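Colleague: Starting off with a structure, shown below.
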Amino acid sequence: MPFHTHPEKNVAPDSGDGPSENSVEITPKEAKVATKDTEVIVTVTEPEAAVPIPAAEAPQPQPIVIVVTELEPVEGEVTDTRPIVTEPVENGHNEPEPTRVEKHVEVTEVKEEEPSTSKVPDKDDDVTASTPSPPPPAENGSTPKKLSIDLPNDSDPESTRGRKDSVWSLGDGQPPEEIDKQIEPPPLSTLLIEKPQGGSINVGGDITFVAKVEAKDLLRKPTIKWFKGKWMDLASKTGKHLQLKESFDRFSKIHTFEMHIIKAKENYAGNYRCEVTYKDKFDSCSFDLEVKEVPEGSQSIDIRSAFKRSSEGQDDAGELDFSGLLKHREHKQEETPEVDVWEILKNARPDEYEKIAFTYGITDLRGLLKRLKKTKKEEKKSEAFAKRLEPAYQVDKGGKIRLVVDLADPTVELKWYKNGQEIRPTPKYIFEHKGTQRIMVINNCQINDDAAYSVSAGDEKCTTELFVKELPVNIVKELEPVKTTVNERIELECEVSEEGAKVKWMKNGVEVPTGVRSRYRVKSEGTRHWLIIDDASKDDTGTYSLMATGGTSQAHVQVDLKPLKVLLDLQSVTVLLGQPLKLNCEIYPGNVPGRWYKNGQLIQPNDRINIFHKLKNHSLNIESSTIHDAGDYTFVPEGYTQTLSAKVHIIDPPKVHLEALNAQDNTVTIVAGNKLRLEIPISGEPAPRVVWMKGERVILETGSRVRAETFADHTCLTIDITEREDTGNYKIVLQNEAGEDTASIKVKVVDIPDPPEAPLVTDVGGDWCTMTWDPPRYDGGSPILGYFIERKKKQSSRWMRLNFDLCKETTFEPKKMIEGVPYEVRIFAVNAIGASKPSEPSKPFIPLAVTSEPTMLVVDDVTDTTVTMKWRPPDTIGAAGLDGYQIEYCIEGTDEWIIANKELTEKTKYTITGLPVEGKILVRVKAINAAGASAPRTTQHSILVKEVIEPPKIRIPRHLKQTYIRKVGEVVNLVVPFVGKPRPKVTWLKEGQPIEQTISIRNSECDSIMFIRKAERKHSGKYELSVQVENHIDTAMLDIQIVDLPGPPQAVKIDEVWGTNVALDWNPPKDNGNAPIIGYTIQKADKKTMEWYTCVEHYHRTCITISDLVVGNEYFFRIYSENMVGLSENATATKDSALIVKEGLQLKNPEYNDRDFTEPPTFTQPLINTFAIAGYNATLNCSVRANPRPKVIWMKNKITIIDDPRYRMFSNQGVCTLEIRKPSPFDGGVYTCKAVNDLGEAQVDCKLEVKVITQE
């Protein structure tokens, strides 16, 4: 049943007598409750025995919506379990009601967070500051009353069913300061296919709420939120008491959202809400949770734990605790209270509250003081009422109800209110007085009497709610199914159990509109009801139902079409452009309307198009056809799948519309380089075939630069970059089935001229020059008007224009130039279109003057056919510098000067050749630069062409005047200069004999060179050089000595052994290496180790005594000879050994068989692949064991390394080393070390890679 409240309580008034749905919201100062035609049982908790409240019979329960909005943090309390006491309702029934599930909404005390914004009422019956219809508090003021609303099992409407979220949380939600912000939810729509249902659990139990959303029409996952009350968002309060889960079934396309509450506490009870949003869709539902306390003994409240603030980091994080809104404090270990803190606070002074709170570990002092203040105020008793109104009353529709209060003071003025409006005595409302009782009787209760009632006595007021219940209306006669055809009458009849009952007609679950303009008519007579459709259509097919409060009846209505017959089908036509077009057809039945379509688009009639329908004839008329009227036409009878089709073809002869070109004589002029696009309108239907031609050449659509394109209403010639070759006549040819048309267009391309050739500088002065040029080859189709001239310095990039008026001629004389600075000039040709590109710059020129004449011209040499002249440069050269000299001569007796050098010479000496013998000539020299030739310098006297003999003279260099010594293998390169004229004859002899062919001799006019690539000892000797000019001879002697290493000494022997001394003697080497022996090197070796140690170096004599030898050792000795080249390659060793024995002892040497220590070479340490850095020395190492000592050979890429200065080889105690000096990438490769002795050979390889480090 609807619930109505007075506007003063901010409760929506009743909207009518019919079923309605209202909501109940609890705010700090407001409250409202909404129900919808439901049976409600109100129980009041009292410490007496339980008596059931009679309730009216409800055949068909209706949904109820309950939304409890919590706007302040709620302090959990223990509610005493009391027996149920009921008050009989007048005209009520005690019949049992149908099976149902009870849903309880517990309204507990509202804890104020901010005293400045919410004031605690001084009187407990002030409904403006309390929850909806709360019972009056008990006399001790410590336990609030409990309002329990029993709902039928199916009392939850769709809007209150549960759903699922993707995030689990349980906590405080939105802070209180944001409560006043009004949030408008999106419009409600149906998203939830399964909604969470309310439930009841015991303290410490678990419960799960499930919501499901179908995802067939959703592109992504919907957003879900879980709330407790109105603003407490549970999304951030997950913990051990609350978990949120989600899942998605890919087969059924259903999102499942679950909220699990684990180990519930008493303060978890209340109203919950779940909201689902997806784009512009929104759905919401509410559900209730009742937490029942465990039936144990009286439970006491731990005040210290109740007023301690929780922390998110503790074990209790995630509970429904509003203290999360406050500042987090450190968690301290709670202790079991041993004293009654409430009694201490009640008896203490206000200035001692803080000290008491600190002593007993109470951190929420503000909440404690508010609770204490309320507790003290609840001890006040009502002064006006001895007995208040019950929280709620229920009465059947048409019945009577009595509202009774008992006054403590009968003289107090009493007023009754309904929804905040005062009630006056009427036959409906009767007021009675019985002692201290005041009674208001409401007769003939109707739906509009369902409201909130209050009574005021002085300053006090008490309220109640009245619920009016309607009896259900049952179906007596069911609807019958109907099957008919279109345009027939349909009449559905149903009979109900009550006259004048309100029913609702539905079609396919949607209410049937029954307005003035509706196709449906509704009629009722007594208990009979009709739904009438006068002119049925196919859309009327469906399931129709009649809904009453006691049941529903439904029947199926089937409306079929009448069979369609085509009497005259549409015919395809071909129409000339502008002629009328007519299409008609005939169908049966004749009253069937239809629609005309062209190319699938609906045709709407207008001033040009007329559509007619007369009986069975349907026609479409177009007065004057256009191109756009061509297409496929279709007539579709309404309600039928059969269609009639025809094609309309519009034809029109082609035509070229050149008048749109707007050009004189159809001539188009364009500047070259620009884009030319000629769009010529054309007409014709069907679309004509267009061909563009230039001469006999057809212009294609696929051309790159020149192409022709054809569109629906015009054709286009495009030249992207016009060129001079594009000039000419272009022809357009149009053809279609209706005819042909042609047209011509003349295109003229004009352009700037071509740049002239590079100008030529013909003459240069000190600050001027003369330049000429030729006209450009192509004038751009327009006469040349003149030229612009520019110049610049060669090193500069800035050109300067020399004339601002066009130069009409092809010559020009620039002036005011700086002498000695190189210049360049260029030309621009100008016609009516513009200036051409610049010409290539001229060759650089320097405006300079000529130099002065050369000086000191003298004869240097004369032969029978040549004369050599020498001179000095000019005194004044100038900024232009000097390019060279030109030499001219004149034979005496003539005036013709002959140029001796065809090309300028930069030297100040020149030989004139090809002169007549014993002739006389005059010679002159000119200095040439960019400005021209200087004044000539001429000899004062004639020159006789006859050679003068000069005796030869050899000029031996100082280092060749003594013996010239070189080592074997070195290069010998001797240069011996000489003089003499004419060219001397040179002869070389060695000790009177011609020299060998291995010695190269090269002679010139002034020197002779002896070259030996690789000297040998046989090249040693005395060489004689002879220089001869006619009968004059000059000679010189050269002594050359080629030296080599000496041979080893001869006959090395041990002369005597005494004590620790050994006397050695030997003979000089047989071969001294062509150089005197300068010393000997003596070495010793112990017979045990045979390791050689040097005793003496650079010893000059051929006998020596070696001292300080070790007693008991046996020694061998060897000797190297040495000359200026170095030590001999081999040494001569003693055949016998010298044994050093201790004096005075006769030692008999035992005989031993010498062990054979000989072995072939074996590498104990191989070569390792190595990376080297270019420019840094690299070494390759390996070790070999062999006896006798092997010969070590190093190879690169299997080529033996011999006398290469880039490599150094070492061998010490069997360790072989190859050092590569500053390697380059070309030194990379495979290196091999090979050891060879008489018993065999061995080799090892490695790879060397040289890397080059690049500098960034």
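Positions of Cβ are set from backbone N, Cα and C atoms, glycine also.
The compositional bias 'Basic and acidic residues' feature in TrEMBL is assigned to 1-11, 90-122. Per TrEMBL, domain 'Ig-like' is recorded for 472-558, 563-645, 654-748, 952-1041, 1161-1249. What TrEMBL lists as domain 'Fibronectin type-III' is 755-854, 855-948, 1048-1144. As annotated by TrEMBL, region 'Disordered' applies to 1-34, 73-186.
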Colleague: Looking only at the recorded stretches 472-558, 755-854, 1048-1144, which one has the largest tally of CB-CB distances under 8 Å to the domain 'Ig-like' (952-1041)?
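Modeller: Ranking 472-558, 755-854, 1048-1144 by Cβ pairs under 8 Å to the domain 'Ig-like' (952-1041) puts 1048-1144 first.
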Colleague: On average, what pLDDT score does this prediction assign to the domain 'Ig-like' (472-558)?
Modeller: 88
Colleague: Could you give me the DSSP helix, strand and coil counts for the domain 'Ig-like' (654-748)?
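Modeller: So the domain 'Ig-like' (654-748) is made up of 10 helix, 57 strand, 28 coil.
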Colleague: Pull the DSSP breakdown for the domain 'Fibronectin type-III' (755-854) and write it out as helix, strand, coil residue counts.
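Modeller: Reading the DSSP string over the domain 'Fibronectin type-III' (755-854) gives 0 helix, 32 strand, 68 coil.
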Colleague: Using DSSP, what's the helix, strand and coil tally for the domain 'Ig-like' (563-645)?
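Modeller: Summed by class, the stretch gives 3 helix, 44 strand, 36 coil.
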